[in-house]
Every structure is written in C-alpha cells, then in structure tokens.
Amino acid sequence: MSERKVLNKYYPPDFDPSKIPKLKLPKDRQYVVRLMAPFNMRCKTCGEYIYKGKKFNARKETVQNETYMGLPIFRFYIKCTRCLAEITFKTDPENTDYAMEHGATRNFQAEKLLEEEEKRIQQEREEEELNNPMKVLENRTKDSKLEMEVLENLQELKELNQRQALVDFEGMIDQYREMEKREREREKEEDEREMKEMLERALVKRLRESDSDSETEEESSSSKQSDKSSSDKPTDILTADKPTEAEGASAGGAKKAKVESWERSVGTLGGKGALGSLVVRKKPAVTVSKPSSVTETAAPISQTDSKPATTDSTDASKPVTTQNGSSSLSLLGAYSDSDSNDSE
C-alpha cells in the first residue's frame with residue numbers, strides 16, 4: 001500500500017526532462033493567494049474601515065516594466081468586505097513597506113510620518129553645512145554636548161545597576177517570607193484568643209443561668225416548706241416525738257430543759273408514761289351531752305367530798321385507755337377542768 005502524502009516521486013531510468021513540453025504562459029498572469037491587509041485602510045466607495053490583519057483571497061501579479069534595484073514589484077487585488085469594490089496596492093521595497101494604489105485611502109500612521117520628518121531635517125542640515133563652515137562648527141559643538149550628556153546618563157545607569165547588583169534579592173525574599181509567616185501566626189493567635197474569650201463568656205453565661213435556676217428552685221422549695229408549715233395544725237405537736245438526744249440527756253441526769261405550760265398539766269411526750277403515744281386525733285362522732293346535769297353532779301361532789309377529787313387529780317396523770325388501747329382528746333378536756341377546780 002502506497003503512502004497517502006508522497007514527497008518523493010519515482011523517476012524511471014530512461015527519464016529525459018528535455019522531452020517535457022513547456023507551457024507558454026503570459027508574463028502578466030495572475031495567481032490567487034491568501035494574504036492579510038498590510039495596513040489600515042478605508043474604502044473610497046462605501047467608507048468601510050479595513051483593519052490591518054484582515055484576511056483576503058487576493059489576486060497577485062507582477063508589475064511590468066517596474067523594478068527596484070533588480071527586484072520585481074508585485075501588485076495585489078482585493079475586494080471590499082462591504083461593497084465588493086476592487087482595491088489594489090503594491091509592494092514598496094525601497095521603504096520596505098506597501099504602497100496604496102487604488103480604491104482606498106491609507107489611514108494615519110505616526111511612525112511613518114516621524115521617519116519622513118527625520119529624513120527631511122537631516123537633508124536640510126546637510127544642505128546648510130555644505131555652504132556654511134560656521135554652521136558645521138556649531139553643529140559639532142551641539143553634537144559633542146549631546147554626546148557628553150548621553151555618556152553621563154549612561155554612567156548614572158551603570159552606577160544604579162551596580163547598586164542593584166549588590167542587593168541580596170534572595171535575602172530580601174526570605175525576609176519577606178518570614179514577615180508573612182509571622183503575620184499569619186499572629187492572626188492565628190488572635191483568632192484563638194478571640195475563640196477562647198467567646199467560650200469563656202458562654203461558660204460564664206451558662207453558670208449564671210444554672211445559678212439562677214438553682215436559686216429559683218431553692219425559692220420554690222422554701223415557699224413549699226413555708227406553705228407546709230403554715231398548713232400544719234396546732235395539735236400536730238402533741239403527736240410529734242422528741243429527738244433521741246433529749247432522751248439521752250434526761251437519762252444521764254443532765255440539766256433539764258425548760259418545761260412548757262402545757263406539759264405541766266398534761267405531761268411530757270418523751271418518757272414511757274408520756275401521753276404522746278396515747279393521744280390521737282378525735283374521730284368525728286355524734287354524741288348527746290347534757291351540760292346541766294353534768295354541772296349539777298359535779299358541784300355536790302366538789303362540795304361534799306374532797307377525796308374523790310384528789311383521786312380524780314391523781315388519776316389524771318395516769319393514762320386512760322379505751323377498749324382499742326387508745327385515749328381520746330375528750331379526756332384531756334375533762335382532766336384540765338378537774339385540775340382547774342382543784343386549784344380553786
């Protein structure tokens with residue numbers, strides 16, 4: 001299988017190039033080439049701007065009877081992108097440029113004008129020096145001064161370059177990197193410190209909230225206790241037992257505590273003969289009492305016989321039990337009445 005893109009072709013041994021027929025083509029024949037616009041131009045027909053670098057399929061031909069130092073000059077034909085008008089320009093080997101010929105105008109170019117102006121000034125100077133020797137001397141002095149200024153500027157630039165050459169750029173870069181590193185560390189420390197302060201503030205706030213919650217709980221518990229103490233009945237103290245420490249102190253013969261007034265008539269609640277275990281709450285019961293008969297019977301007894309009264313007073317200190325083994329609060333009232341009568 002042969003190659004698709006062949007660079008070298010096969011020539012047989014009996015190949016004779018003189019036998020190849022030569023084509024007789026005209027010298028002003030045209031070729032189709034692909035090129036870009038060499039400069040900015042504007043179409044004369046429609047005013048369309050064609051910028052440098054625009055690509056065209058152009059026709060190329062050799063200009064007849066026109067050369068520059070033996071170099072041929074070529075002409076190019078392009079069409080306007082808007083009105084399809086024909087535009088022509090040709091090469092300018094003298095100025096190493098292109099020259100506009102027909103169909104468009106070349107836009108302003110400051111560089112070309114500057115070069116032309118420099119050429120004109122140089123020609124005028126040469127013409128003046130040709131006939132005036134004093135002008136030649138003046139131009140030389142000006143040139144020498146200008147040259148000295150240029151040399152001084154060049155020396156200053158050299159000294160500046162030497163100063164810069166002594167600078168340690170690697171050291172400067174390392175120092176800059178260290179500064180950046182310290183700055184990053186400082187920013188990191190500041191962030192950590194701010195975070196720690198925020199956590200401390202949150203912790204203090206949480207502790208305050210917990211303290212306030214505990215205070216509210218204590219207040220609620222104290223209010224409950226006060227409500228409970230206020231709801232206690234006065235007779236509950238009769239059923240309450242004294243602490244064991246008081247019993248131990250009385251058994252050891254220590255100093256007795258102050259005796260309350262109700263203990264004198266009823267008795268203490270701490271000993272074996274105490275009424276604390278015998279006194280119970282009075283149960284509601286329907287009883288029919290005759291106060292007149294009770295008072296009548298109680299009066300003769302107190303007047304005629306004093307012995308039963310003493311027996312009653314002695315019996316008041318003893319516990320009176322009922323059938324179920326408990327005493328009633330009604331007996332306490334009777335004992336207290338008998339004691340008052342005895343005292344009278």
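If you go along the chain as it appears here, the first residue is 1 and each next one adds 1.
Heads up, the Cβ atoms here are built off N, Cα and C, so glycines get one too.
Remember, TrEMBL labels are computer predictions, not curated facts.
As recorded in TrEMBL, the features of this protein are as follows:
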type	residues	note
BINDING	Cys43, Cys46, Cys80, Cys83	Zn(2+) binding site
COMPBIAS	179-211	compositional bias 'Basic and acidic residues'
COMPBIAS	225-235	compositional bias 'Basic and acidic residues'
COMPBIAS	289-324	compositional bias 'Polar residues'
COMPBIAS	325-338	compositional bias 'Low complexity'
REGION	179-344	region 'Disordered'
Number of helical, extended and coil residues in the compositional bias 'Basic and acidic residues' (179-211), per DSSP: 33 helix, 0 strand, 0 coil
Shell list (Zn(2+); ref centroid = CB of Cys43, Cys46, Cys80, Cys83; cutoff 8 A): Lys44, Thr45, Gly47, Glu48, Thr81, Arg82, Leu84, Ala85
All-chain count of other Cβ atoms within 10 Å of Cys80 (Zn(2+) binding site): 21
CB within-chain contacts under 8 A for Cys46 (Zn(2+) binding site), separation at least 6: Cys80, Arg82, Cys83, Ala85
Densest Cβ neighbourhood among Cys43, Cys83 (binding-site residues), 10 Å radius: Cys43
